[in-house]
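The annotation compositional bias 'Polar residues' is assigned in Swiss-Prot to 1-11. Summarising the annotation, Swiss-Prot assigns domain 'ATP-cone' to 49-139 and lists sequence analysis as the type of evidence. What Swiss-Prot lists as region 'Disordered' is 1-20. As annotated by Swiss-Prot, zinc finger applies to 3-34, with the evidence given as sequence analysis.
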Amino acid sequence: MRCPNCNSLDTQVKDSRPTEDSSVIRRRRVCIACNFRFTTFERVQLRELTVIKRNGRRVPFDRDKLVRSLQISLRKRPVEPERVEQMVSAIVRELESGGEADISSETIGEIVMDHLRKLDDVAYVRFASVYRNFREAKDFEAVLGELSGEEEARPALVRK
């Protein structure tokens, strides 16, 4: 592994441990040349995914882009970073195990929205407003109506 500080290839792993859900290995490393310490993460990649954009262009799937878009949707929301990481891992696993190496951006967006709907309603609406390209207030009303309908269908919690 190349040192991000001095570009030396002479680094040593000091500590390795799985994350809480065991989907990632976290490694603490030290550069032998400059003593710089850094962390790397190792994930299983089942297949190389390609995203087919709305304009037909093909680009490699970027997990970090998914993380950034979720962080924007979840900004100032009471959601722990660990939950976000678990959700991202679940989304990527779902995409990789789908059997197709080429995935449309629409499919990715729908999967993300399904996961966000379960995690945080506000983040779901924020993501939907960008993903579905909302132009008017009625677009928001429609999504809020969907969420309200789901809330009515769920049994209410009785508090004593």
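Glycine too: its Cβ is placed from the backbone N, Cα and C atoms.
Using a Cβ-Cβ cut-off under 8 Å and counting only residues 6 or more beyond its ends in the same chain, the compositional bias 'Polar residues' (1-11) has close neighbours at 29-34, 36, 38, 40. The DSSP breakdown of the compositional bias 'Polar residues' (1-11) into helical (H, G, I), extended (E, B) and coil residues amounts to 0 helix, 1 strand, 10 coil.
Per DSSP, the domain 'ATP-cone' (49-139) is made up of 56 helix, 9 strand, 26 coil.
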